[in-house]
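Novice: Relevant sequence annotations retrieved from Swiss-Prot are reproduced here:
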MOD_RES   ALA2  N-acetylalanine
ACT_SITE  ASP51  active site, proton acceptor
BINDING   GLU74, ASP117, VAL119  Mg(2+) 1 binding site
BINDING   GLU74  Mg(2+) 3 binding site
BINDING   ASP117, ASP120, ASP247  Mg(2+) 2 binding site
ACT_SITE  THR122  active site, proton acceptor
BINDING   THR195, HIS198, GLY220, LYS224  AMP binding site
MOD_RES   LYS244  N6-succinyllysine
Amino acid sequence: MASSHNVLMRLVASAYSIAQKAGTIVRCVIAEGDLGIVQKTSATDLQTKADRMVQMSICSSLSRKFPKLTIIGEEDLPPGEVDQELIEDGQSEEILKQPCPSQYSAIKEEDLVVWVDPVDGTKEYTEGLLDNVTVLIGIAYEGKAIAGIINQPYYNYQAGPDAVLGRTIWGVLGLGAFGFQLKEAPAGKHIITTTRSHSNKLVTDCIAAMNPDNVLRVGGAGNKIIQLIEGKASAYVFASPGCKKWDTCAPEVILHAVGGKLTDIHGNPLQYDKEVKHMNSAGVLAALRNYEYYASRVPESVKSALIP
């Protein structure tokens, strides 16, 4: 039995393998051809068979190994028996070799909260925009996001039949972020990435105030943060309620681990303790570099309309 002082790295190592399994499930559901789409609250708020299966897989796999965790998932699923084939009990040996940052070495299992988005970018998943899709597992301690795993099931899917499909990015504050090549957006350019399907006047007003050279409208919070760390966008601007804690927890860690910053529109850090409301009601503002420029451009009219 591994010692309890190493609980964070054991959890990250397990979540890495679980996220890879989740990516396989996402691809299998597409390959089978029946997405099992259910409309939740609106035509843009969808749930698929993949959402349901992946959440069952992640939550059941984690809770078997770490029974004292608090796990909060996007999908509201009825309790029931979980198919044994959905359980992943492996762990990344490479991650286990990494040192646990000293500030987290004494963490207890019951102090951790895990935020799960089984399929981030579900609408895009149903429309075949597969590169927008991610699986998100975020880990929080004392209300702060400290570790995150992002699986991209369809990374490389347009690179030809010989390409390796999918990748898993992971990070821990104080250790770093891994599984991708860090790249900054072109200097002097303001390339904004924002929502594809949930725009409104607040969002467009806020983006206009940034003097953008280009605006990218894509699905998925995880996908947008990946655009920041790979130099495809300079800032992620979403001046609206809509995205939830499970959308931002894992991506925030990856961004923060490489020196970026993610806050609400007012510049407040997001809170991830288990009692917190799920909605990021004051929106999201994030950048890898030059965060202060984007924060300084947010109009007062936008700030006053978004109450934290």
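Cβ coordinates come from backbone N, Cα and C, glycine included.
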Novice: What is the interatomic distance between the Cα atoms of LYS244 (N6-succinyllysine) and GLU74 (Mg(2+) 1 binding site), given in whole Å?
Specialist: 9
Novice: By CA-CA distance, flag whichever of GLU74, HIS198, GLY220, LYS224, ASP247 among the binding-site residues is nearest to THR122 (active site, proton acceptor).
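Specialist: It is GLY220, whose Cα lies nearest.
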Novice: Would you mind reading off the Cα separation of GLU74 (Mg(2+) 1 binding site) from LYS224 (AMP binding site), to the nearest angstrom?
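Specialist: Given the Cα positions, GLU74 (Mg(2+) 1 binding site) is 19 Å from LYS224 (AMP binding site).
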Novice: Counting across all protein chains present, how many other Cβ atoms fall within 10 Å of the Cβ of GLU74 (Mg(2+) 1 binding site)?
Specialist: 22
Novice: Listing them in sequence order, which of the binding-site residues ASP117, VAL119, ASP120, HIS198, GLY220 have their Cα within 10 Å of that of ASP51 (active site, proton acceptor)?
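Specialist: Taking ASP117, VAL119, ASP120, HIS198, GLY220 one by one, the ones whose Cα falls within 10 Å of ASP51 (active site, proton acceptor) are ASP117, VAL119, ASP120.
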Novice: Determine, from DSSP, whether ASP51 (active site, proton acceptor) sits in helix, strand or coil.
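Specialist: The three-state answer is helix.
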Novice: Cβ atoms within 10 Å, counted per site: which of THR122, THR195 has the most, among these recorded positions?
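Specialist: That would be THR122, with the most Cβ atoms nearby.
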Novice: Other residues with Cβ within 8 Å of the Cβ centroid of GLU74, ASP117, VAL119 at the Mg(2+) 1 site?
Specialist: ASP51, VAL54, GLN55, GLY73, GLU75, VAL116, PRO118, ASP120, THR122, VAL135, LEU136, TRP246, ASP247
Novice: In the three-state scheme derived from DSSP, which category covers ASP120 (Mg(2+) 2 binding site)?
Specialist: strand
Novice: Between the binding-site residues THR195, HIS198, GLY220, LYS224, which lies closest to ASP120 (Mg(2+) 2 binding site), Cα to Cα?
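Specialist: Closest recorded candidate to ASP120 (Mg(2+) 2 binding site) by Cα: GLY220.
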Novice: What is the number of other Cβ atoms found within 10 Å of the Cβ of ASP51 (active site, proton acceptor)?
Specialist: 27
Novice: By CA-CA distance, flag whichever of ASP117, THR195, HIS198 among the binding-site residues is nearest to ASP247 (Mg(2+) 2 binding site).
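Specialist: Given the candidates ASP117, THR195, HIS198, the nearest one is ASP117.
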Novice: Among all protein chains shown, how many Cβ atoms are found within 10 Å of the Cβ of HIS198 (AMP binding site), not counting that one?
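Specialist: Looking across every protein chain shown, the total is 17.
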Novice: For AMP, what surrounds THR195, HIS198, GLY220, LYS224 with a Cβ no more than 8 Å from their Cβ centroid?
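Specialist: Nearby residues not in the site list: GLY121, THR194, ARG196, SER197, VAL218, GLY219, ALA221, ASN223, PHE238, CYS243.
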Novice: From the Cα of ASP117 (Mg(2+) 1 binding site) across to the Cα of LYS224 (AMP binding site), what is the distance in angstrom?
Specialist: 15
